[in-house]
Amino acid sequence: MSAKYGLVSYNSSRKHLSISIPSSTEVMSPHIKSVEELRVLGINLSSFSTPTQFLICVAGVFLFYLIYGYLQELIFSVEGFKPFGWYLTLVQFGFYSMFGLVELQLTQDKRRRIPGKTYMIIAFLTVGTMGLSNTSLGYLNYPTQVIFKCCKLIPVMIGGVFIQGKRYNLADVSAALCMSLGLIWFTLADSKVAPNFNVTGVLLISLALCADAAIGNVQEKAMKLHNGSNSEMVLYSYSIGFVYILTGLLCMGGLGPAVAFCSEHPVKTYGYAFLFSLTGYFGISFVLALIKLFGALVAVTVTTGRKAMTIVLSFMFFAKPFTFQYIWGGLLVVFGIFLNIYSKQKDKMKLPSIMDLKSWLLTGKKVRFLSQNV
């Protein structure tokens, strides 16, 4: 038998064993090749170094989700649209399913690798995250919603401990606390200017926060265990979620009024919803890549930092008063991002110790003393 395919060949005359390793292009199936390749919107991230992969994913998350956040606030600024948050989520899930189907057809390996039961759980959590979050905007103003959503870093870490048995160091915990406190501080000023708390809205966004805390860990575990692709994850989770929401709207009688309202304002509803869904789909692709490459905590850290930029754009395009509390909150968020990066790269990044700082201070004093005596 040929050793070309990684089999052992025995030569009786020379009395030796020879083993050759096949090249990845000769015998590896499309399924195995997908382990080495990670494509996002046609970009093969596997051909880049780890820092470059991280920068590409972060740039994609920030670019598409900044537009996504602007469109989300713009849609709910349409007069009379606030009661139809669940219908917006239904339309969004429908677009995501179509986008995922198109992307999956463009890939070589179209097999579903993650079990259907897992997708049913992920779809349920996704419906809870996006549906409850969209609906809460009918009861809360945008900054108040962000105050709650920015706190999901800590539940994600708790979910990582219970779902995946992870352990986080002090730097990760400090990063989560700094970013959460920073964004709360960042948005607290605006919530004081126009407080619009509602018990229903608080309940909705709290439930969305719980679902959001669990979904990242479930997705990470499923994608790493079964090596599922991003397009597969989007297609099946959102198509199943579409069925969930459609069933709920039909049972509650909320489909008819929503369709009637959107038919009267097709451009401001379906037009915005298409762009809203397209940018959200692109953003999700980069978030899933972050989860697969760097884990749920890093992905949530990046998306939390993105929320700070979303609020800045909200101030730019939707008139809001400015106070220095935004600056202090933003600095806390930046410090939290630094702590998270440091915790992941602490072997390459060495922060100065107390003794190093003391030595530098003494050296500086000696230099100043000598310069004065010259």
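Just so you know, the numbers here start at 1 and follow the chain as drawn.
Placement of Cβ uses the backbone N, Cα and C atoms for every residue, glycine included.
On a predicted model such as this, the values are computed, not experimentally measured, just so you know.
Listed in TrEMBL for this protein:
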- 54-72: transmembrane segment (TRANSMEM)
- 84-106: transmembrane segment (TRANSMEM)
- 118-140: transmembrane segment (TRANSMEM)
- 146-163: transmembrane segment (TRANSMEM)
- 170-188: transmembrane segment (TRANSMEM)
- 194-215: transmembrane segment (TRANSMEM)
- 235-258: transmembrane segment (TRANSMEM)
- 270-290: transmembrane segment (TRANSMEM)
- 297-319: transmembrane segment (TRANSMEM)
- 325-342: transmembrane segment (TRANSMEM)
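With respect to Cβ pairs under 8 Å, the transmembrane segment (84-106) is most closely packed against 235-258, considering the stretches 118-140, 170-188, 235-258, 270-290. Highest Cβ pair count under 8 Å relative to the transmembrane segment (235-258), across stretches 54-72, 118-140, 270-290: 118-140. Residues 40-41, 43, 45, 48, 134, 137, 272, 275-276, 279-280, 282-283, 285-287, 289-290, 293-294, 302-303, 306-307, 309-310, 313-314, 317 of the same chain lie 6+ residues outside the transmembrane segment (54-72) yet bring a C-beta within less than 8 angstroms of a C-beta in it.
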